[in-house]
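All remarks here apply to the structure that follows.
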Number of protein chains: 2
Amino acid sequence: MAHTHDGAHDLTRNQSLVLETLNAQPSPLSAYDILDRLRGAGLRAPLQVYRALDKLVAMGLAHRLESLNAFVACADAQCHRKGLIGFAICENCGRVDEFADEVIETQLGTWADRTGFSIKQTTMEIRGRCALCREAA
Amino acid sequence: MAHTHDGAHDLTRNQSLVLETLNAQPSPLSAYDILDRLRGAGLRAPLQVYRALDKLVAMGLAHRLESLNAFVACADAQCHRKGLIGFAICENCGRVDEFADEVIETQLGTWADRTGFSIKQTTMEIRGRCALCREAA
DNA sequence: ATCTGCTATGTTATGACATTACGGTGTTGC
DNA sequence: GCAACACCGTAATGTCATAACATAGCAGAT
């Protein structure tokens, strides 16, 4: 691969297709949802989607939501956010908000130092009802 | 059910079996792992385990780890901990530590207030390597 | 006592998510 | 050339979770 480390990644065909599919949707999609939407483009097997997703997640262009077994495009594809990202998932409309909180990150770091735990990855997902859905009710 | 709201819950047979299985194991078990260990006791189908797990989780006697699709017994079965619980999962030995952090909880509350999000449930799971496994290496 | 409602149970089948295994293609660099 | 590497395609399988339906036991009310 042509190693452009800074600007846009050059994505392969499958990766582009998957990322476009995610970007076209404000709420999370499962790998099989994505597959179904890409059958017209020639994709046939789950693995084609999962391979693309793995790369996109590694690049920070997409995120996996563990509590949903589903994926979303990164809200800010430019910024390759580092550190902790949290997700607020509305159970009514399905929309997902990303947030980053340094206090929480620091707090986790402190806990890790104190206990000797070395953090590789953090999952933080809150479920509930977003502001729009609350006032709609 | 005999509505003892305070002391030990009275568990049904299946619930007891599942809870004992979880308690006998320091690391998480999948529902199917549990099922396999309980075939001798007469359990045959996943649903029997899932139903028991649902209740145990609702009672706070067990927890579901979303990033693992697996379950652990609550570390402190007495305390029916309320509020936010985090889990530190060692990817080497599989052991899981629970932690509760009020600062993080407050911080999430603040974020929710600010954005109008109403929190129903929070998942917080960190993956990495525990102190024991680090020094062993 | 029987009817009703509730909870738990058991069983079969199926749905939903994810990976293993294998082989092929194209590019890069020696 | 050809070895190393990343990506791609396909089939089969593995793992996690629920739907749908039928039954049993136990309360309280009539």
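Even glycines carry a Cβ here, placed using N, Cα and C.
Remember, it's a predicted structure, so these values are computed and weren't measured experimentally.
Taken straight from TrEMBL:
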type	residues	note
BINDING	B:Cys90, B:Cys93, B:Cys130, B:Cys133	Zn(2+) binding site
BINDING	B:Glu105	Fe cation binding site
For B:Cys133 (Zn(2+) binding site), just give me the three-state DSSP call. helix
State the count of C-beta atoms found within 10 angstroms of the C-beta of B:Cys133 (Zn(2+) binding site), not counting that atom itself. 18
Identify, in sequence order, the binding-site residues in B:Cys93, B:Cys130, B:Cys133 that approach chain A with a C-beta to C-beta distance under 8 Å; the answer is 'none' if none do. B:Cys130
For the recorded Zn(2+) site, whose residues are B:Cys90, B:Cys93, B:Cys130, B:Cys133, find every other residue on that chain with a C-beta no more than 8 angstroms from the centre of their C-beta atoms, and list them by sequence position. B:Glu91, B:Asn92, B:Gly94, B:Arg95, B:Arg129, B:Ala131, B:Leu132, B:Arg134
Between the Cα atoms of B:Cys93 (Zn(2+) binding site) and the residue listed as 'Fe cation binding site', what distance do you get, rounded to the nearest Å? 28
The residue listed as 'Fe cation binding site' to B:Cys133 (Zn(2+) binding site): how many Å between their Cα atoms? 29
In the structure shown, which of the binding-site residues B:Cys90, B:Cys93, B:Cys130 has the fewest other Cβ atoms within 10 Å? B:Cys93
When you measure from the Cβ of B:Glu105 (Fe cation binding site), how many other Cβ atoms are you left with inside 10 Å? 19
Assigned conformation of B:Cys93 (Zn(2+) binding site) - DSSP reduced to three states: coil
